[in-house]
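Features as listed in TrEMBL:
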ACT_SITE  His241  active site, proton acceptor
BINDING   Arg47, Asp86, Val87, Lys149  NADP(+) binding site
BINDING   His179, Lys183, Glu217, Asp236, Lys341, Lys346  substrate binding site
DOMAIN    10-188  domain 'Glucose-6-phosphate dehydrogenase NAD-binding'
DOMAIN    190-484  domain 'Glucose-6-phosphate dehydrogenase C-terminal'
Amino acid sequence: MPEESRAVIIIFGGSGDLASRKLYPALFNLYRRGVLAEHFAVIGTARRPWSDEHYHEVVETAIAGLNPEPAQAHAFAQHFFYQSHDVTDADHYITLKNLAAKLDDQFATGGNRVFYMAMAPDFFETIASHLKSEHLLTDVGFNRLIIEKPFGHDYASAKELNDSLTATFDDDQIFRIDHYLGKEMIQNLLAFRFDNTIFEGIWNKKYIDNIQITLAEAVGVEERAGYYEKAGALRDMVQNHVMQVLSYLTMDKPKSFTTNDILAEKDKVFAALKPYDLATAKANFVRAQYVGAEVDGKAVRGYREEEGVAADSQTATFVAGKIMLDMPQWQGVPIYIRTGKRLTRKSTQLTLTFKPVAAPLFGQSADSKPDTLTIYIEPSEGYSLQLNGKALGTGLTIEPDELRYRHDPKAAAAAPEAYERLINNVLEGDQTNFTHWSELSASWHFIDAIQAAWSQEPNMPTYPAATMGPQAAFDLLSRDGREWFWQPHRVQMAD
Ligand code: NAD
């Protein structure tokens with residue numbers, strides 16, 4: 001049985017989409033597993049004037065998809081309290097503080113507080129400064145802040161935000177969410193890399209020709225145009241998720257599996273990002289925006305036709321780029337990344353292509369392919385290793401064979417979801433799977449240079465919906481004599 005956590009959890013944005021879709025189900029799963037039991041309370045705040053009873057219904061509806069026992073769902077909901085709250089009104093923080101103190105007594109939570117900013121980022125600084133000025137942090141117990149993305153929109157705004165948060169919270173009290181770090185297969189990367197003899201020694205420039213990172217979404221902008229118009233694919237996906245995945249793929253073995261040792265190795269990767277200037281950024285990063293297309297007989301709208309998107313929007317919904325690391329073990333190994341909306345299929349997958357053997361016994365066969373290792377992050381979870389073997393028959397023809405492993409989909413579905421793991425980490429005070437300021441600042445510097453180069457380009461290139469992006473994304477690799485390993489329209493290893 002896991003150890004029970006004690007805390008009053010205050011969610012700013014308790015009536016929002018994130019709270020209902022992710023946070024309440026995650027909290028309920030922690031309750032089912034006994035991580036949360038008797039000694040916790042959740043205060044949901046938002047502007048709407050809800051009653052506690054109504055809030056209980058909202059929470060029970062949000063967890064209905066988990067098929068809870070009705071009595072357990074009801075008992076869980078009794079831990080939830082609603083406080084109508086305008087984040088700009090100082091008096092509301094006093095009310096909130098008093099309610100938190102009362103619940104602290106009622107549920108014996110030991111003065112522990114978790115403050116969860118599940119609201120638009122414009123409010124993060126306002127909330128943090130009021131938490132300080134109205135003295136919401138307790139003197140006994142822990143005080144932890146969970147903050148959602150986006151963390152700034154460039155280096156300067158990220159720094160301003162970080163300064164304002166650290167005026168209220170110590171750095172080790174701040175948990176910056178990058179939900180990719182809560183995913184099963186991302187957490188698995190370090191185990192896979194460092195607990196397998198066959199990979200540990202070959203994970204470097206001597207054996208690896210190139211690394212590819214694809215985070216493909218099939219959906220369009222959906223209801224998030226207000227946010228996405230200002231962000232675009234570079235800020236929304238590359239600055240955080242892609243960079244975090246890249247660091248896990250390329251970092252050296254940490255001295256131990258502790259937050260500080262892992263961060264020390266990740267920091268070396270972030271420090272080694274070869275910066276681009278305006279000209280090299282343009283040459284090594286491509287962007288584009290999806291336009292309407294007919295997909296499976298149905299018309300799919302282009303980005304500029306989506307609700308809330310400007311008719312002349314200059315927001316990129318696709319990015320591909322080549323990243324080089326200035327580290328001895330990775331000199332000359334390109335890391336190709338791509339991400340976008342309305343691509344052919346949803347898939348997050350990472351591929352390492354190995355160098356060919358120096359002197360193949362059977363000569364350079366046209367049928368042999370470089371060895372490749374693909375790590376599937378989502379929706380399927382597992383690995384594939386493509387190797388050369390002899391084709392069945394009397395001759396000696398080389399053909400690629402696949403070693404394939406996938407987690408059992410049922411077992412994978414029953415494993416904790418990213419938010420459940422991450423909230424659990426916060427309750428334990430474990431910062432390993434969160435983003436640190438050093439990583440953020442380095443990645444923003446890198447991203448800002450690309451953004452600056454693009455802002456000089458008046459025309460936004462396009463790609464048809466349900467494709468893998470513009471031709472320029474393919475040219476980026478073909479000019480280096482390479483190609484994307486995953487090309488979903490091709491018949492190749494199943495993903
Ligand atoms: P949302 O718009 O659905 O919810 C916002 C919440 O803030 C609502 O509860 C609203 O009532 C409250 N609010 C707005 N103005 C307020 C004010 N002046 N005072 C008090 N409350 C106010 O937003 P969301 O989609 O839940 O996103 C919340 C945060 O999570 C954002 O930072 C977003 O970028 C991040 N995020 C969301 C998702 C997602 O899947 N929804 C995914 C990743 C990150």
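Any Cβ shown, glycine's included, is placed from N, Cα and C.
Just so you know, TrEMBL annotations are computer predictions that nobody has curated.
Positions of the features from TrEMBL, shown on the structure.
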| residue | record | Cβ contacts under 8 Å, 6 or more apart |
| --- | --- | --- |
| Arg47 | NADP(+) binding site | Ser15, Ser84, His85, Asp86 |
| Val87 | NADP(+) binding site | Phe12, Met119, Phe123, Thr126, Ile127, His130 |
| Lys149 | NADP(+) binding site | Pro121, Arg176, Ile177, Asp178, Asn240 |
| His179 | substrate binding site | Ala418, Tyr419, Leu422 |
| Lys183 | substrate binding site | Ile377, Glu378, Ala418 |
| Glu217 | substrate binding site | Thr339, Gly340, Lys341, Arg342, Leu343, Lys346 |
| His241 | active site, proton acceptor | Asp178, Tyr180, Leu215, Thr339 |
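Cβ-based neighbour count (10 Å, all protein chains) for Lys341 (substrate binding site) stands at 23. Checking the recorded positions Asp86, Glu217, His241, Lys341 against ligand 1, the ones whose Cβ sits under 6 Å from it are Asp86.
Max Cα-Cα distance over the annotated NADP(+) binders (Arg47, Asp86, Val87, Lys149) is 21 Å. In this entry, His179, Lys183, Glu217, Asp236, Lys341, Lys346 make up the residues listed for substrate, with the farthest two CA atoms of the set 20 Å from each other. Counting other CB atoms no more than 10 Å from each candidate's CB, the binding-site residues Asp86, Asp236, Lys346 peak at Asp236. According to DSSP, His241 (active site, proton acceptor) sits within a helical segment.
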